[in-house]
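A.B. asks: Handing you this structure, nothing more for now.
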Amino acid sequence: MSTGGDFGNPLRKFKLVFLGEQSVGKTSLITRFMYDSFDNTYQATIGIDFLSKTMYLEDRTVRLQLWDTAGQERFRSLIPSYIRDSTVAVVVYDITNVNSFQQTTKWIDDVRTERGSDVIIMLVGNKTDLADKRQVSIEEGERKAKELNVMFIETSAKAGYNVKQLFRRVAAALPGMESTQDRSREDMIDIKLEKPQEQPVSEGGCSC
């Protein structure tokens with residue numbers, strides 16, 4: 001029933017939440033995808049940021065709602081509510097920081113606690129431009145993804161490497177989630193309009 005009528009329906013919306021430790025490049029990946037740019041000045045995300053982009057696929061057009069979460073411990077209590085109605089969780093680590101890689105297991109566990117198996121999870125090893133400082137091999141990333149039954153890709157937000165491919169692969173996986181999306185579409189529209197009151201810090205509403 002959900003096939004065939006796509007073009008007559010309002011634009012389908014899918015919520016992607018970006019998770020991972022501080023400074024792994026979550027904001028940079030979103031900025032590269034949204035604006036094809038990279039800011040060398042690091043600025044920590046304060047609370048939760050939200051951006052939206054229309055993506056044109058071969059068979060339909062979708063709107064991706066990109067939720068950028070803070071990696072700092074003090075904001076962790078906010079994150080489960082954003083995971084709860086997500087269609088996709090993008091869990092990012094820094095290939096030059098083995099601890100950020102080890103912590104992805106916890107982030108993926110958090111996603112599954114909130115969403116069960118009813119979610120697409122993409123594990124992303126970012127900062128391949130710093131290959132000389134690599135602490136996590138691509139084989140280790142692939143192995144963890146296989147063990148945890150998630151998708152995997154390596155990227156460089158700085159160089160633009162594989163960023164479009166990351167979103168293409170996520171988009172290609174979306175049709176299997178249509179029933180979930182239909183069920184949560186109204187909630188997602190409400191959330192989009194809220195711009196969460198949970199943001200605890202008044203300054204720094206934008207940390208792109």
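First residue shown is number 1, and so on along the chain.
Glycine is no exception: its Cβ is also placed from the backbone N, Cα and C atoms.
When I checked Swiss-Prot for this same protein, it listed these features:
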type    : residues                                                    : note
MOD_RES : SER2                                                        : N-acetylserine
BINDING : 23-28, 39-40, TYR42, THR45, GLY71, 126-127, ASP129, 156-158 : GTP binding site
BINDING : THR27, THR45, ASP68                                         : Mg(2+) binding site
LIPID   : CYS206                                                      : S-geranylgeranyl cysteine
MOD_RES : CYS208                                                      : cysteine methyl ester
LIPID   : CYS208                                                      : S-geranylgeranyl cysteine
A.B. asks: I'm trying to understand the geometry here, so how far is the Cα atom of ALA157 (GTP binding site) from the Cα atom of THR27 (Mg(2+) binding site), in Å to the nearest whole number?
C.D. replies: 9
A.B. asks: In terms of DSSP three-state secondary structure, what is the assignment for LYS127 (GTP binding site)?
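C.D. replies: In the DSSP reduction, LYS127 (GTP binding site) maps to coil.
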A.B. asks: Can you see whether DSSP assigns ASP68 (Mg(2+) binding site) to helix, strand or coil?
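C.D. replies: The residue in question, ASP68 (Mg(2+) binding site), is strand (DSSP, three-state).
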A.B. asks: Between the Cα atoms of LYS127 (GTP binding site) and ASP68 (Mg(2+) binding site), find the distance and write it as a whole number of Å.
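C.D. replies: Approximately 18 Å lies between the Cα of LYS127 (GTP binding site) and that of ASP68 (Mg(2+) binding site).
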A.B. asks: Can you tell which of the binding-site residues SER23, LYS26, ASP39 lies nearest to ASP68 (Mg(2+) binding site) in space, using Cα positions?
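C.D. replies: Among SER23, LYS26, ASP39, LYS26.
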A.B. asks: Between the Cα atoms of ASP39 (GTP binding site) and THR27 (Mg(2+) binding site), find the distance and write it as a whole number of Å.
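C.D. replies: So the Cα of THR27 (Mg(2+) binding site) lies 10 Å away from that of ASP39 (GTP binding site).
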